[in-house]
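Here's what TrEMBL has on this protein:
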COMPBIAS  132-141  compositional bias 'Acidic residues'
DOMAIN    13-84  domain 'S1-like'
REGION    116-171  region 'Disordered'
Amino acid sequence: MKGGRKNLKRAAEEVKFNLQDGQAIMQVLSLRGSNLIEVMDGQGEKSLALFPAKFQKSMWIRRGSFVVVDVSGKEKALESGSKVACLVSQVLFYEQVRPLQKSPEWPEIFKSTHLEDSSGSLRGKTSHQEVDELESSDEEGLPPIEVNTNRIKPFELLSDAESDSGSDRDS
């Protein structure tokens with residue numbers, strides 16, 4: 001394995017993490033493309049953040065991931081008319097998020113979010129009501145399935161009505 005970006009890998013492996021001045025924990029809402037992501041801060045305010053190229057091909061994020069963002073120039077960037085307000089300085093992984101959730105640095109708005117570990121399994125509790133709602137809402141509000149008229153119908157076997165009439169002829 002090459003030693004490239006070894007400082008990024010070393011920082012990602014650290015379990016203990018402390019926020020510095022001008023940094024904030026934010027949750028990824030959507031990936032916009034071109035290294036832009038939409039994030040939400042602890043007050044529920046949405047903004048655009050730049051995901052630097054140094055993280056490409058070494059760290060991946062998805063909706064719901066937590067990142068540490070440098071917000072020191074946010075006010076100045078918004079005043080100058082720039083849409084990108086902050087810069088991602090670190091990606092937080094499951095092992096780093098768990099201890100942070102128990103610390104006072106963790107924003108209250110993120111306390112109720114469920115986490116996914118690196119294997120993709122959902123961490124957190126779901127109630128029976130939520131599961132029932134998910135199962136029942138699968139078919140609600142969907143239109144009925146229409147017949148595809150672009151396909152040629154294969155020969156149809158005798159239906160029940162036709163087979164009944166055929167048995168009447170035999171008797």
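Here the Cβ of each residue, glycine as well, is placed from N, Cα and C on the backbone.
A TrEMBL annotation is a machine prediction, not a hand-curated record.
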Legend entry - Number of helical, extended and coil residues in the domain 'S1-like' (13-84), per DSSP: 10 helix, 27 strand, 35 coil
Legend entry - Reported mean pLDDT - the domain 'S1-like' (13-84): 88
